[in-house]
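Pulled from Swiss-Prot:
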BINDING   TYR35, GLY64, CYS65, SER66, ASP88, ASN89, ARG195  S-adenosyl-L-methionine binding site
Amino acid sequence: MKDTLFNQSLNKRFCFDEKVAHVFDDMLERSIPYYYEMLDLGAYFIAQNLKENLNAKPLIYDLGCSTGNFFIALNQQIQQDIELVGIDNSMPMLKKAQEKLKDFKNARFECMDFLEVEFKEASAFSLLFVLQFVRPMQREVLLKKIYNSLALNGVLLVGEKIMSEDRILDKQMIELYYLYKQNQGYSHNEIAFKREALENVLVPYSLKENIALLESVGFKHVEAVFKWVNFTLLAARKT
């Protein structure tokens, strides 16, 4: 269904409620440049990593899994038997995920705050456009938990909206992104109203800050495997 949520001001902060869940897939595709390409790219790196590190039944966590799109991409690229666990604190999102993946016997979903979850040892984790919604003071705590639960040679994928450390470049990047959204059919008002709703809810870091954060919790190998203006996909490997 087409995202028309921001035709008028919501007069409240953005949250992942039933109204958002109803149009979320359209919102993602029209708001994140190369969204599905990044999912496929992330699935590729996890699939290749699993080939290099054979486990009996690899466990993969998708934190902030929303409507389950990444699990679809993973199942298209990974042939071996895997266990997929999606965690999200929005029940409306998980209902959508369960509907879409009802035929996927290897996927299960849990409605929980992933900051409070005790993870099992896993071959891979994904945080796709999620860390930006975690309070800055809690990001290092979460990433350290992930690092400690990641198997040796395991991989973490982090997709993020980012900012530039240069004020002028940041302004130009934002303007280009708004032009992209207009080309996707969003009006000036819709863009402004959504920006207003996301104020202090989505807090982006720079690319350098995100990489430094991952390195601070123990990752020695972090690569930006994709970047478009103010969006990036990072792959971090535990060695």
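Cβ coordinates come from backbone N, Cα and C, glycine included.
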Neighbour count (Cβ, 10 Å) for ASP88 (S-adenosyl-L-methionine binding site): 25
For GLY64 (S-adenosyl-L-methionine binding site), the number of other Cβ atoms found within 10 Å of its own Cβ: 22
Candidate with the highest Cβ count within 10 Å, taken from the binding-site residues CYS65, SER66, ARG195: CYS65
Cβ-Cβ neighbours of TYR35 (S-adenosyl-L-methionine binding site) (radius 10 Å): 19
Other CB atoms within 10 A, centred on ASN89 (S-adenosyl-L-methionine binding site): 15
Farthest-apart CA atoms of TYR35, GLY64, CYS65, SER66, ASP88, ASN89, ARG195, residues recorded for S-adenosyl-L-methionine, distance in Å: 23
